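Only one structure is covered here, and it is reproduced in the block below.
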């Protein structure tokens, strides 16, 4: 790709977004994906897979703080965490901030993602790959959760959209495997797209997850990079109290953890579970 050109996202056919490319840092097709990292004056370094923006330096903290601190603080005493995907290392970075976590396992299908992100997105991982609690497994996520003998308190599915390599992480086989290796009272979370534009993804996930978990819902966060703005995260557990904890309980856990965040706070945590009426209506109609 030539520099000083426009890069257009290809996720949607009728609308979309573009970024000015100031400098291409990396562009190569691996066995699994078409990977590119380029620099943009407004958003810093931008990573895209198969024509879809995955992360930018400017606003990645919103996505990663909400994907980690919401389930970890809701759980309250998570010791073993599994990350599916997350090769850029930012999810790992946020999990390592929880000192009570004893083991962090990350399953990434493509070793190339990890290697080039260590080089080209160092602010994302911030040295977290060297944390002694961390183990990297190069494997398919569905295979891992259905074969592993390990169990986890929190599972974070940092999956791409349900097309191509990411499609398997939205299947019943994957959700059943996650239930299989979750400890009692454990929490599963996953990105579920921008609900206003990709509502079918949320409805499909809710329908499938409900076969394996007694409490299934969603929470949301405003993330500018993802076209449409409001990202939806799937939530599944067998402890229905965890989705309804008071701000006082979350505040106490937040304080005890010694976290300092740029987006997440206890009030945001509680408010994130308030969903728009159109989503309530769509879920009720299923």
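Cβ atoms here come from the backbone N, Cα and C positions, even for glycine.
Sequence-distant neighbours of residue 158 (active site, proton acceptor) (same chain, six or more apart, CB under 8 Å from its CB) are 67, 83, 84, 85, 86, 91, 190, 191, listed in sequence order. Sequence annotations record features per position, and here Swiss-Prot assigns active site, proton acceptor to 158 based on sequence analysis.
Taken from Swiss-Prot, the feature S-methyl-5'-thioadenosine binding site applies to 33, 108, 140, 141, 165. For the recorded site, residue 33 (S-methyl-5'-thioadenosine binding site), the DSSP three-state label reads coil. The local packing around residue 33 (S-methyl-5'-thioadenosine binding site), expressed as other Cβ atoms within 10 Å of its Cβ over all shown chains, amounts to 20.
Residue environment of residue 88 (spermidine binding site) contains 26 other Cβ atoms, counted within 10 Å of its Cβ in all protein chains. Under the heading spermidine binding site, Swiss-Prot lists 64, 88, 158, 159, 160, 161.
The annotation domain 'PABS' is assigned in Swiss-Prot to 5-238.
A straight line from the CA of residue 160 (spermidine binding site) to the CA of residue 33 (S-methyl-5'-thioadenosine binding site) spans 11 Å. Note: residue 64 (spermidine binding site) has non-local neighbours 90, 91, 93, 94, i.e. same-chain residues 6+ apart with C-beta under 8 A of its own C-beta.
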